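Step one of this worksheet: look at the structure below.
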Amino acid sequence: MRGGKSARESLIRVLFPDESRALPGQRWIRIGLRTLHLIGVAGLGGAYLYEAAPHSWLPYFWLTMATGLLMVMLEVWSNAIWLLQIRGLAIVFKVLLLVAIALHDVAALPLILMVIAISGVIAHAPGNLRYYSPYHRRRLERLSDAR
């Protein structure tokens, strides 16, 4: 231990700061990423609805994957408390549904529609739902609130 802090405590402080970190222009970065993500999702949705050939929808797939990953990284970097809240858990659940699509293509369309529905509901749900932590059984905006 150095200075009375363990490595675990230091890691927790880095992942769960009392005040969320922000990049300059972060709001516009998020808006841009969401917009590009929606374009990718629209292209993928069309591919499933109209059974398009892979060469026509692969760019949308990669756009969706890249922007989704960047949005998750930005949220976790800002404050990993996001992973304990409904808004982060919904993303984890959506990723699991997408993995199910990859493994069982027969249910692709219903699962894609479910992913889109979850996205719409969580994006527009009241803050008390989005910031709710099932683990802590209350709205949680910073880890220090859990104590």
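Heads up, residue numbers simply count up from 1 along the chain you see.
A Cβ is built for glycine as well, from the same backbone N, Cα and C atoms used for every other residue.
Annotated transmembrane segment per TrEMBL: 31-50 (among others), in sequence order. Remote same-chain partners of the transmembrane segment (31-50), defined as residues 6 or more beyond its termini with a Cβ less than 8 Å from a stretch Cβ, comprise 56-57, 59-65, 67-68, 70-71, 74, 108-109, 112, 116, 119.
What TrEMBL lists as transmembrane segment is 56-74 (among others).
If you look up TrEMBL, you'll see 81-103 (among others) marked as transmembrane segment.
According to TrEMBL, the feature transmembrane segment maps to 109-129 (among others).
Only residues 6 or more beyond the boundaries of the transmembrane segment (109-129), in the same chain, are considered here, and those with a CB under 8 A from a CB of the stretch are 41, 44-45, 48-49, 86-87, 90, 93-94, 97-98, 100-101, 139.
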